[in-house]
């Protein structure tokens, strides 16, 4: 019952006029950003974060806006996947497999409508699961001490390393780079200046926003420059957009299964929508064995599965971020960084002490998803038209927004130079097959990890054995070990085809 | 090859980090670990990973043509220039110039690029400054 009270508090926050407006703006901008090829949810949130910060919103409002962009983009990503065979973001890659063939058959409208409903059910299902699990998880997390948090982060990084990116080794390097960036600045325990290179701007650490914008948005501009070809994208005609009951009934179990898969993968630290949708697609293909010859040629099951899953995992990745302070995906890592900038530490106490933030966000996601369903069914034509915006018009806007966003924080040109430098560095990382999400996760969690490690060893007087003290620590250590070795053992045992 | 080069640089960096961290002057310290340990552990992990990557690099097919490289470098220079001009020349002028060049880089005709960028910068200036009330540099020309 307590949960319902909190949820009611949440809705009173989410339905306040300004927050309601921000949800709608966030969802609209998110769908737009998701539908434009190349600019995914991470970039959208990264570009808007400094603006939201500089405009002085209260933390819950800023979070509601940015989260709206995040899950809105998961809706929008499918539009260009279906119509252009170009995924709008990484979570929508699997959607191209069956979505594009459908639109080529002249059933683009049907595909867009069905995938919108699948997205909606995926999100809503995951939200209900969040409401059920958030209180349990935050209660468990209240029992966590420093050594438990150390293991939790070790577990998060291990999941990330073995499941994300081209090679575990490269992901680990990414995490370490992020963690090292987090050590720059004055050490809070002793006042020692670390790695500041005598630059005063670094005394209070590298600015989170500068790193995020530089690494994601600026490197994205370079990627767009590199990939730019003079092609006029031809939109396939959409046809009539409608939801047919028979389609929905045909995919109901597919959608529910994929929602669950997406949610679980979203909750796992570090693994986000792109993995969730791929696993859901693979699972459905196996479920349909013997009857799967249409997969890849425009099967509605192959369309509904990844869409339900990527939205479910986007929502699911909020759960560990809010309850444990461990982001479930790259984009939630940025949201976590946003909260930290507002001096709010996510974690078990957030639900007790600042229910308006945690529950306000959850309630706003219910509202936002309903708004998104409306935007994505009757108003879909508008987003489709926006797909034909030329990159030559788009890129100056992106660059302008990143510069003004960063400049307006401190009013210092140094941040702009540093941002461009980081962008070049991140571009090189991407070209070498490193993913950027691990770097951001490392950066966001670095300070907390070091603090907890030092606190744990202070308690034990320097004895490292404290890390194996108590049942929760040991279970987390075992989970870390399983996450580290599991995928390799599975690969070794799997019969070769 | 790219991987080896990069890993070599990382290896050097990890050495530098370890050396710097080892020489932190800590005046007082109440806890067993102190400010040195964490960076030292990280630099060790980074060193091991770099050596591994040098031994087993991944294949990399990235081979940008000369034209693409020129484009990339001009993109970087353009953004550096934007950073330089942003405060000095002010938002409107710097955005109009940089926006125009970006438009052209992405294949727009010069006339339309100028028209678009000037409109963009003037409209955005008023929206960002007066509607969103952000800290937008006016620039010396306008007495900012």
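A Cβ is built for glycine as well, from the same backbone N, Cα and C atoms used for every other residue.
Annotation source TrEMBL lists transmembrane segment at A:6-33 (among others).
If you look up TrEMBL, you'll see A:20-441 marked as domain 'DUF112'.
Annotation source TrEMBL lists transmembrane segment at A:45-73 (among others).
With a threshold of 8 Å between CB atoms, the same-chain residues lying at least 6 positions outside the transmembrane segment (A:112-137) that come near it are 2-3, 6-7, 71, 74-75, 78-79, 82-83, 95, 99, 238, 241-244, 247-248, 251, 255-256, 258-260, 262-263, 266, 300, 303-305, 307-316, 318-320, 322-324, 351, 358, 362, 365-366, 369, 372-373, 376-377, 380. Per TrEMBL, the feature transmembrane segment maps to A:112-137 (among others).
Annotated transmembrane segment per TrEMBL: A:149-166 (among others), in sequence order.
Listed by sequence, the residues of this chain that lie at least six past the ends of the transmembrane segment (A:173-193) yet keep a Cβ under 8 A from its Cβ atoms are 157, 160-161, 165, 202-206, 211, 429, 434-447, 449-451, 454. The transmembrane segment feature in TrEMBL is assigned to A:173-193 (among others).
Sequence-distant contacts of the transmembrane segment (A:205-225), counting only residues of its own chain at least 6 positions beyond either end whose CB sits under 8 Å from a CB of the stretch, comprise 38-39, 42-43, 46-47, 49-50, 53, 181-182, 184-186, 334, 337, 340-341, 391, 395, 398-399, 402, 405-406, 409-410, 415, 418-427, 429-430, 436, 439-440, 443-444. The transmembrane segment annotation in TrEMBL covers A:205-225 (among others).
The feature transmembrane segment is assigned by TrEMBL to A:322-345 (among others). Sequence-distant neighbours of the transmembrane segment (A:322-345) (same chain, 6+ residues past either end, Cβ-Cβ under 8 Å): 41-42, 45-46, 49, 52-53, 59, 62-63, 66-67, 70, 134, 137-138, 141, 152-153, 156, 208-209, 212, 266-273, 313-314, 316, 351, 354, 357-358, 361-362, 435-437, 440-441, 443-445, 448.
Per TrEMBL, the feature transmembrane segment maps to A:357-380 (among others). Within the chain carrying the transmembrane segment (A:357-380), a Cβ under 8 angstroms from the stretch's Cβ atoms is held by residues 6-7, 9-11, 13-15, 19-20, 23-24, 26-28, 31, 59-60, 63-64, 67-68, 71-72, 75, 79, 112-113, 116-117, 119-120, 123-124, 127, 130-131, 134, 238, 241, 243, 315, 318, 322, 339, 344, 346, 350-351, all 6 or more beyond its ends.
Taken from TrEMBL, the feature transmembrane segment covers A:392-410 (among others). Residues of the same chain lying 6 or more positions beyond the ends of the transmembrane segment (A:392-410) and with a Cβ under 8 Å from any Cβ of it are 36, 39, 43, 47-51, 53-54, 207, 209-210, 213, 217-218, 220-221, 224-225, 416, 419.
Under the heading transmembrane segment, TrEMBL lists A:416-445 (among others).
The transmembrane segment annotation in TrEMBL covers A:466-490 (among others).
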Model confidence over the domain 'DUF112' (A:20-441), averaged pLDDT: 86
Long-range neighbours of the transmembrane segment (A:466-490), counting only residues six or more past its ends (CB under 8 A): 143-145, 147-148, 150-152, 154-155, 158-159, 161-163, 456-457, 459-460
Long-range Cβ neighbours of the transmembrane segment (A:45-73) (under 8 Å; 6 or more residues past either end): 13-14, 18-19, 22-31, 33-34, 88-89, 123, 209, 212-213, 216-217, 311, 314-315, 318, 331-332, 334-335, 338-339, 341-342, 344, 356-357, 360-361, 364-365, 368-369, 372, 398, 401-402, 404-406, 408-409
